[in-house]
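Q: Have a look at the structure that comes next, please.
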Amino acid sequence: MGRKHYSSKKNRSKKGEFVNWDLIERKNENFEKYYRLQKLVTEDDFILLKQKLTEQLPTTFRITASIPHATQVRDYFIEHYYPLIENARTEDAKIPLPVSLPWYPDGMAFMLDISKEVIRKSPHLKALQEFLVLETEAGDINRQESVSMVPPLLLNVESHHKVLDMCAAPGSKTAQLLEALHKPTKKEDITTLLPSGIVIANDSDNKRAHMLVHQIKRLNSPNVLIVNHDASFLPNFHLSSPDGKKFLKFDRILADVPCSGDGTFRKNIALWNEWSLKTALGLHATQIKILMRGLQLLEKGGRLVYSTCSLNPIENEAVVSAVLNATRGSVRLVDVSSELPQLKRSQGVDNWVVCDSDLNIYPSFDTLPKELYEKMPPTLWPLPKKELAELNIQNCLRIYPHFQNTGGFFVAVLEKYENLTSSMKTAVDDNKVFLREQKLPSEQASKKRKQDTQETSSDSKLAEVKPKGKNGGNRFHELDPFVYIKEDDQALEKIYKKFGIDEAIIKKNQFFVRNVNGVPTKAIYISNDLFRNVIENNRNRVKFVHGGLKIFVRQDFGSLSREIAEKNGTCVFRVQSDGANLASHFIAESCLFHTTLSDLFILLDHEAVTIDDFPEDSLFRKEYNHLDLGSTLLHVDLAKEESVIKKQVYIPLWKSVRICNVLLSNSEKRTLKLQIEGPQSSIHKHNT
């Protein structure tokens, strides 16, 4: 029997109805019956697996690998928060200390064997909760289920790679891909912050694609582009090159496909009531299409990771083997048993039972009733064991919840060593032909078969999306299109002059705005050359949602300062906090104002300051009257100060005739205080 828990907590079911998760019995007879038929694990393991699925999921997070102070955040968490947790208790018991995930690189991920609800509600853990919230907002940590961290790690992304995340929302894996793209090899520099590679993150659902923006913006990357398409029909990305137009092929692709999610019982409690084999059966063909499309878009020599949060072979090995069988001679499964060596895993299985949604068993497609043909394609059934062995199906990874206290997950790492040929078609396509033959007269069916055999899945004839906009306009009707600023634009000229930007480091053609005129009226974004190439060659074929990094923002003067500013031709654009760190690497030293921690505290504690707010011996007071009207970038070297986190801080500063202020949100101020003073920070505790 599944355990019952009782409280007033409520959540939504798939239908959007409120349900009390704690009143749901952790049991589903059909789920148990189906997986006993599969015999994926031994009976003893199945008992452990079933029990683990009824238990609460631990809280896990990882430290952002691309920040230069990542090891400091790790050590800071251990030093300051372990003692707080060690002395904390819930109503029932002592709270266990966090543990570092043994398989995650450099000890940068942690597991707390308590639920997020306990952390949120326990007064003893208030400091921990605020650390998790503030550091997540700052982009220094990412709260993510541990097994979800595995697929991006196995992609081995490097800074020059062209990366595609086919089904990206909610974005935790996309964030990992970006971290890898930006990860410094030695020290942070302009090539680390603005590398040559790109991450294109796609989601088919418009709302989820926009939710993805919030997750990704925390990382302040100019190298990410979010698009909104059905992953199985992703359009080709065109590029211009010296030798003419060409298609963008990706070095790394993540296909974390839609699935039944039956590895997520521990966090999705409503699934105990809702689980049905019908979901997996309905998704199988879509999963094959997405994987096949991913391989078409993959560069020769590139790596693709296919993953699901399902335990079901018909969503996992059946999908992978169908595509491998169709692409023999071009794609292979990679043996990653030596990668992440402390991650406990099982091999892919070579035998499974195929049932209909009522759990009636069908040994082969030939035994299937005619009325189930459309719902159950031949690819559901396992290939002969010899063929599966030739495909190295054992190289797939199965991660079971009872192995290391996680959710359930499946991962397959594929490598494309030759381009796909025109004859490579999946059995799903063949099944469609078969179905039509059952419905059409013989002559008509013969013609249709000939037509289908002429269709292609080859790299040379990838699926095209034809522009349909009127007069060459954007057929997606973007409200805020990506338009690059003309290099002779007056506002851009003023920005370059104001901040002493060296065009040898940052070219003028890297800046764009989000309006149809291409005129910088509000925000200015920055990107790399590849990003621009993608944007300008795909306006009518790709639906762009978000991308680049907001680097400059227009800041209008008040009435008292406006006249002086206009008379002096003062630049009205200032550095945006999102891009302050990147800007510090290409603006002139004269545009940086170096100050002390004591001065910084005064600026953080006030909405606005005057010269009289600083003591007589203050460095800021001495230099105050020499500061230019408008924007300056404030710099504090915390490595030389009494600060918990020793890092370089760059903050936009705005000065008018009467006052001066730092342009940070309240949460940004609180996070900075927390990093300087630790959990005892007064601003952290009192939420000013």
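Here the Cβ of each residue, glycine as well, is placed from N, Cα and C on the backbone.
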Q: From Thr54, Thr185, Thr421, name the one Swiss-Prot lists as phosphothreonine.
A: Thr54
Q: With Cys167, Ala168, Ala169, Pro170, Gly171, Ser172, Lys173, Asp230, Asp256 listed by Swiss-Prot as S-adenosyl-L-methionine-binding, which of these, Asp189, Asp203, Asp243, is given for the same site?
A: Asp203
Q: Within 10 Å of the Cβ of Asp230 (S-adenosyl-L-methionine binding site), how many other Cβ atoms can be counted across all chains shown?
A: 15
Q: Could you tell me which of these recorded positions, Thr54, Cys167, Ala169, Lys173, Cys309, has the fewest other Cβ atoms within 10 Å of its Cβ?
A: Thr54
Q: Does anything in the same chain, at least 6 positions from Gly171 (S-adenosyl-L-methionine binding site), have a Cβ under 8 Å from its Cβ, and if so what?
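A: Correct list: Ala201, Met211, Leu212, His214, Gln215, Ile216.
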Q: If the S-adenosyl-L-methionine binders are Cys167, Ala168, Ala169, Pro170, Gly171, Ser172, Lys173, Asp203, Asp230, Asp256 per the record, what's the largest distance between their Cα atoms, in Å?
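A: It comes out at 20 Å between the most distant Cα atoms.
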Q: Just to verify a number: CA distance, Ala169 (S-adenosyl-L-methionine binding site) to Thr54 (phosphothreonine), in angstrom, no decimals.
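A: That separation, Cα to Cα, works out to 26 Å.
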Q: Considering Cα atoms only, can you say which of Cys167, Lys173, Asp230, Cys309 is the nearest neighbour of Thr54 (phosphothreonine) among these recorded positions?
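A: Smallest Cα separation from Thr54 (phosphothreonine) among Cys167, Lys173, Asp230, Cys309: Cys309.
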Q: Expressed to the nearest Å, what is the distance separating Lys173 (S-adenosyl-L-methionine binding site) and Cys309 (active site, nucleophile) at their Cα atoms?
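A: Lys173 (S-adenosyl-L-methionine binding site) and Cys309 (active site, nucleophile) have their Cα atoms 13 Å apart.
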